[in-house]
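Trainee: Okay, handing you the structure first.
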């Protein structure tokens with residue numbers, strides 16, 4: 001029965017999000033394929049969603065990445081099937097089944113990578129502690145190499161066609177672009193959040209001059225950390241689209257048709273190591289809780305030193321996973337945005353190829369989309385602050401009523417604190433969630449009415465497209481900023497706790513604790529929520545497109 005509360009919201013979110021999506025895909029895309037392929041695709045989708053729901057019941061922590069994988073698989077299957085139909089390929093089953101084969105290999109290569117992790121330190125000898133991050137990095141390198149090989153085999157096996165004999169090679173290169181993008185995101189996140197590198201050490205050094213300079217340094221580090229990921233995403237999208245367009249696949253009119261599918265293949269490549277990345281993500285909370293258990297059970301300081309190292313590495317792996325997730329969301333959002341424009345054109349029977357932000361109403365839609373990201377993030381952070389105040393007041397009450405807690409003579413009421421946090425986590429997210437769902441629909445309907453009154457039939461859809469475009473861009477940047485700044489603040493504190501700058505209890509450590517407190521809602525609440533928000537906006541606009549016309 002303990003699984004019922006988290007399970008119900010999970011199932012409801014899947015029903016609300018994906019049922020309309022599948023129906024809309026059936027109406028718009030699958031009607032172009034033969035009846036046999038329609039039945040095959042829908043059967044596969046139902047099996048896939050059933051599997052994903054089962055996984056989410058036990059691994060809700062990775063729900064955002066599972067959502068990316070599900071959206072990417074569905075969009076790639078539809079795009080592949082439609083492209084094959086337009087190019088008059090006799091057997092389009094390879095293009096339809098390709099995403100499923102790639103992610104089946106993901107399970108295999110990730111498992112091999114996990115099993116390849118081995119420590120080199122002899123437990124019987126007294127020697128320095130190995131760097132856990134280096135050990136996991138070796139496993140990730142093994143996974144990357146295997147993913148490249150299996151991706152190449154999959155493209156040659158399933159995407160080879162007589163009409164364009166070299167197309168499979170172009171799509172294999174698209175997958176390689178995605179894999180390199182994933183590796184780059186992991187490396188960039190590690191550079192900005194691991195205390196072995198200069199950014200976090202400079203952040204720790206800023207703590208020696210006070211709390212204010214620590215906050216200033218952490219905010220500036222987070223802002224700086226958005227530059228490299230954006231450059232990587234930009235290169236990946238342009239490269240994958242160009243490789244797809246030059247694959248040799250053309251429609252009846254001779255126009256290249258592989259651009260969007262190339263981007264979808266790059267997204268598949270980026271997510272082809274998702275199993276291993278999720279494993280690194282799970283390492284973080286396990287190491288964090290182990291450190292808490294060691295401290296509460298009053299273990300020797302030598303044990304705590306080991307768990308502190310593991311905890312610091314866990315903070316880095318959590319940051320790398322969040323960077324990986326937002327990168328995959330950026331690539332997937334490009335596909336969903338293109339699907340939205342195609343859907344509007346299909347329903348309206350009018351061309352819809354571009355969004356002109358020089359039109360005042362459309363520019364206003366972009367402003368509203370950017371504002372949505374900041375308002376959502378503000379509400380998410382303030383929810384954490386209000387809940388923290390409730391917990392602090394409850395802890396103070398228990399200290400007054402049970403003075404023996406600090407001497408380990410009385411047991412605290414843990415259940416009360418857990419109840420406060422659990423109830424607040426659901427209550428406080430109602431307002432941000434409603435904002436994300438209602439805003440695009442309200443904007444679309446209002447500007448649809450305005451458009452019909454001024455002779456602009458597609459105004460509502462164009463304003464929503466602008467809102468989605470600006471919200472996606474602002475959301476990617478904000479999520480990168482929040483995730484990286486929060487992880488850097490946490491590890492700056494861990495770095496000081498290793499003994500530098502005075503160690504635990506020093507003034508530098510107190511300033512670092514303040515930064516860590518500010519960073520927690522950044523990296524654990526607002527940042528990860530934006531990843532889901534970006535794709536939620538894309539899904540809502542895609543499903544609700546007819547009401548904007």
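Using the three backbone atoms N, Cα and C, a Cβ is placed for every residue, glycine included.
Bear in mind that TrEMBL entries carry predicted annotations, made automatically and left uncurated.
Taken from TrEMBL, the feature transmembrane segment applies to 6-29, 41-59, 96-119, 139-160, 167-188, 226-244, 256-278, 323-341, 362-385, 433-451, 463-482.
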Trainee: Apart from its near flanks, which chain residues at least 6 from the ends of the transmembrane segment (167-188) lie with a Cβ under 8 angstroms of it?
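Mentor: Residues 102, 140, 144, 147-148, 151-152, 155-156, 159-161, 225, 228-229, 232-233, 236, 239-240, 243-244, 246-249, 258, 261-263, 265-273, 277, 320, 323-324, 327-328, 331 contact the transmembrane segment (167-188) from elsewhere in the chain.
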Trainee: Six or more residues out from either end of the transmembrane segment (323-341), which same-chain residues have a Cβ under 8 Å from its Cβ atoms?
Mentor: 64-65, 68, 71-72, 75, 79, 178, 181-182, 185-186, 188-189, 229, 232-233, 236-237, 260, 263-264, 266-267, 270-271, 274, 277, 352-353, 465, 468-469, 472, 476, 479-480, 483-484, 528, 530-531, 534-535, 538-539, 541-542, 545
Trainee: Checking distant contacts: for the transmembrane segment (463-482), what same-chain residues at least six beyond its ends satisfy Cβ-Cβ under 8 A?
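Mentor: 222-223, 225-226, 229-230, 233, 322-323, 326, 329-330, 333, 337, 340-341, 344, 355, 357, 361-370, 372-374, 377, 439-440, 443-444, 447, 522-523, 526-528, 530-531, 533-534, 537-538, 541, 545, 548.
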